[in-house]
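Colleague: Straight from TrEMBL, here's the annotation block:
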- 1-25: signal peptide (SIGNAL)
- 133-229: domain 'Fibronectin type-III' (DOMAIN)
- 234-258: transmembrane segment (TRANSMEM)
Amino acid sequence: MPWRALLLSFFLLLFILLLLGPARASGEDSSPRLPAPKDVKVYSYNFHNTLRWSPVKVERGVVLYTVHFKTGAFNQWDEMNCTRIARTECSFPLSLNERLWTFILRVRSELGQMTSDWVETDPFVAERDTTIGPPKVNSVIVSSDSLLISVSPPFESKEGTVQYKVSYWENATTATKEEMWVNNALFKIENLKQMTLYCFTIEIELVKYLHEQIPGLQRIPECYRTPMNETTRVVYIITTFTLVGLVLILMIIGLFFLSRHHKTIKYLCQPPLKIPSHIEEYLRDPSMPHLEALENHPEEALPDSLSVLYFEEGSKAYGDTLAEDTCSHSSSGESEVT
């Protein structure tokens, strides 16, 4: 019957549509797939948030990437100004720099009509997951007993949301660290010793709701030497001039004493007389024969003087002069005997 044929055609068409519907819906999934990005993670430093991932490598073509986001309050994916980009990172726009919001992000790789699976991140909250860097030291004013320090946080903060942990110590091996907590960006380290080297380091802490605190990174130590105070400076100057005056007075007295007694000082400074060696031997042994021979001939007198003449070697006048000297000495000896 015609109505049976129509009914059969209707069911056949409905069956065909049911088969083609899922096939069309899954047509995109049946296309070739790209490798999905790896190491997908949100990096946050001082509330500057960036999504990063490892690049996808293919033999031909340039792989592009698309990033979506959604919040914990709305389960809807939206674009994040990072659609079909070639770089492997995506910074949060200013509209998403909310420190208390919960964000979930996803990224996939694309090449022509081919795409990869979406890779999602863990829920991210900036105030909980960011890394807080050390504060900035703007100035340090050094006095004899204190350090006046001005700092600023590494990010924009409201009053009462941050505090500073200050550690300071005397730069000595046995010194212990002192700690103090301050809420102001301008504070003073007091009760220090004068003319002493002090070091300090500062770290910031973010104060959350219900008095929960997030510590930041510690700043590299800085060292400053305290000067002497005015009283010590005056005493030091007076003592220095007094010592210099005493030294000058002593020098003048010493020079005057040298000028008056220089002969006595010269005599006292002469080396002691040394006994000749033959007399020293005689004193040790008086029975030596050569000294007895000298005692047996007391009449023989030694020459009054001794003259030594020097002539060049080979000089002819040497012999004549020596002979004349010999004769003169003989003649003078004979005349004295007569």
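Every residue, even glycine, has its Cβ placed from backbone N, Cα and C.
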Colleague: Who are the chain neighbours of the transmembrane segment (234-258) in space, where the CB to CB distance is under 8 Å and they lie at least 6 residues beyond its ends?
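Modeller: Sequence-remote neighbours of the transmembrane segment (234-258) are 228, 265.
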Colleague: Across the domain 'Fibronectin type-III' (133-229), what does the pLDDT come to on average, as a whole number?
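Modeller: A mean pLDDT of 89 is what the model gives the domain 'Fibronectin type-III' (133-229).
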